[in-house]
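Only one structure is covered here, and it is reproduced in the block below.
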Amino acid sequence: MTQVAKKILVTCALPYANGSIHLGHMLEHIQADVWVRYQRMRGHEVNFICADDAHGTPIMLKAQQLGITPEQMIGEMSQEHQTDFAGFNISYDNYHSTHSDENRELSELIYTRLKENGFIKNRTISQLYDPEKGMFLPDRFVKGTCPKCKSADQYGDNCEVCGATYSPTELIEPKSVVSGATPVMRDSEHFFFDLPSFSEMLQAWTRSGALQEQVANKMQEWFESGLQQWDISRDAPYFGFEIPNAPGKYFYVWLDAPIGYMGSFKNLCDKRGDTTSFDEYWKKDSDAELYHFIGKDIVYFHSLFWPAMLEGSHFRKPTNLFVHGYVTVNGAKMSKSRGTFIKASTWLKHFDADSLRYYYTAKLSSRIDDIDLNLEDFVQRVNADIVNKVVNLASRNAGFINKRFDGVLAAELADPQLYKTFTDAAAVIGEAWESREFGKAIREIMALADVANRYVDEQAPWVVAKQEGRDADLQAICSMGINLFRVLMTYLKPVLPTLSERVEAFLNSELNWDAIEQPLLSHKVNTFKALYNRIDMKQVEALVEASKEEVKAAAAPVTGPLADFPIQETITFDDFAKIDLRVALIENAEFVEGSDKLLRLTLDLGGEKRNVFSGIRSSYPDPQALIGRQTVMVANLAPRKMRFGVSEGMVMAAGPGGKDIFLLSPDDGAKPGQQVK
């Protein structure tokens, strides 16, 4: 029976847009997708959304290293991420970016409401500054020893060992990740969110019983140690949204990142021309359900800051957080050197998506436990469960139905009571899917698969097929096997979308949860084709080797204009205004005796002549070709005495040097002596 339809909004944590999706990411997205697909099968209205987390200094610096703009980098990463998720059949309704108009507007709205309600405080702080790079260091670009648990090599905003959050200035023996230098202290005005004002509300939310026990217990520890005001601003240079009425100050990435859930949903509503659903889902008294699937490393932000921000800006809070653990491979942390740090795209070159979806699902529960991807066990389990128990059930019976009965199933069930046992299991299996006890659901389904295969073994259709006058028995036995297979695949449909499509094509019928009580009787199925292939350890070995090769390729140095010559330290407008750039006509150009690099240029500034030595000879072997051409020069550079004479300025050129030097020229119409601004 179809349940009362609910309105549900589901999100996954936003992948950071500076790297590829790997198997650690995929645990969460598979877990959420299985749950979402089950909810859709039960008739609920589900909106499943995600986005790239696209702001912060790490993105700014990596784009600089790659020689591209941050916008270009996050655009490329978004396409890569979406391709990976589509490859794993993650059924998002919308995938957006935090670097969007929707997210900017919502971030400014929430900030403004918090400020108007008195929850934003200003104060001057002492901040770590990299004296070598000339920039304030964001949290993730300082490493040191955690001030709480004393674990070494921890980032400046939170400890990955004990989960504590703190200020970078609290780190013991901090070092700049950018240069390795020891940071110095500098003062800067920052904006703070008054988290302690929400302590009572957050404790009540914790005690509501909705959160996982492990999450609630951890939150209680944080309450007992006392909540602190949260620094939500960062200084330029920074890639993100500038804070309204605060030039040079930007929203910290963790302020606008969770707002990205709202921004992605707003974008989806706008695409649909839906003007009501956004408010319906996000208003303070909304009766829609909101669930965030997240990893245990970001519980602090989602269980404290996020609900407090929503409460303070008059939006609804999450219905629940569904928190999972980490992924290990072969019992250890994923390793690039061992080839177990595996990208999603690499996996799909060696295995199908359903195989990993099944293995993760079989190991997941509602607890925050780490999941180990044991690659040998993975091969054994996929072959034993999907191939031997489930798909084999169909192949053992379909051949007889196709060949002997033209694909038509029997008019009656051979064993109605056995069939009822299978359909009665829907309640237990459905509850397991609902409560995210995925491993339990798989165990229940595989136990039924064992029963179904025992039935076929006992009935032995291959023996019956050879006995005269038993065609009706043969049809009934095989039809029973196929109907049991159909029920099993209906239960597995949230997990195995690709296999389910093939099964639906064979059965000539959709796998519908609410239709399992009605078996397929006198129903024509299509010709059976192989549904799933066995896998082996040779594929695993190839996967691991490919991952190692990718690491080697990624280690190759990045080249490009910005990578080879990084942008210099930011200067003020007043500094720039001191440089006097002028259009100059090249009146004469000649070689310099005794130099294989220099040309002597005579420049006309429209009433004043200048003598300039320029190191452009390698790119302009015929100096006469430059005569009559206009260029741009620094006119107020102090004269420089050289052994060939005095150079009275500098002409502007681009390129890395050698033969790749390109003299700059103004557009037609510019006149000698005109200022370049």
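Cβ atoms are placed via backbone N, Cα and C, with glycine included.
As given in Swiss-Prot:
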type	residues	note
MOTIF	15-25	motif ''HIGH' region'
BINDING	CYS146, CYS149, CYS159, CYS162	Zn(2+) binding site
MOTIF	333-337	motif ''KMSKS' region'
BINDING	LYS336	ATP binding site
DOMAIN	575-677	domain 'tRNA-binding'
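Long-range contacts of the motif ''KMSKS' region' (333-337) within the same chain: residues 22-24, 327, 547-548, 551, each at least 6 residues beyond the stretch ends and with a Cβ under 8 Å from a Cβ of the stretch. Long-range Cβ contacts of CYS159 (Zn(2+) binding site) within its own chain (separation 6+, distance under 8 Å): CYS146, LYS148, CYS149, SER151, THR165, TYR166. Around CYS162 (Zn(2+) binding site), the same-chain residues six or more apart in sequence whose CB sits under 8 Å from its CB are CYS146, LYS148, CYS149, SER151, listed in sequence order.
Neighbour counts were taken as the number of other C-beta atoms within 10 angstroms of each residue's C-beta; across the binding-site residues CYS146, CYS149, the minimum falls on CYS149. Counting only residues at least six positions away in the same chain, the Cβ atoms of SER547, LYS548, VAL551 sit under 8 Å from the Cβ of LYS336 (ATP binding site). In the predicted model, the motif ''KMSKS' region' (333-337) shows an average pLDDT of 88.
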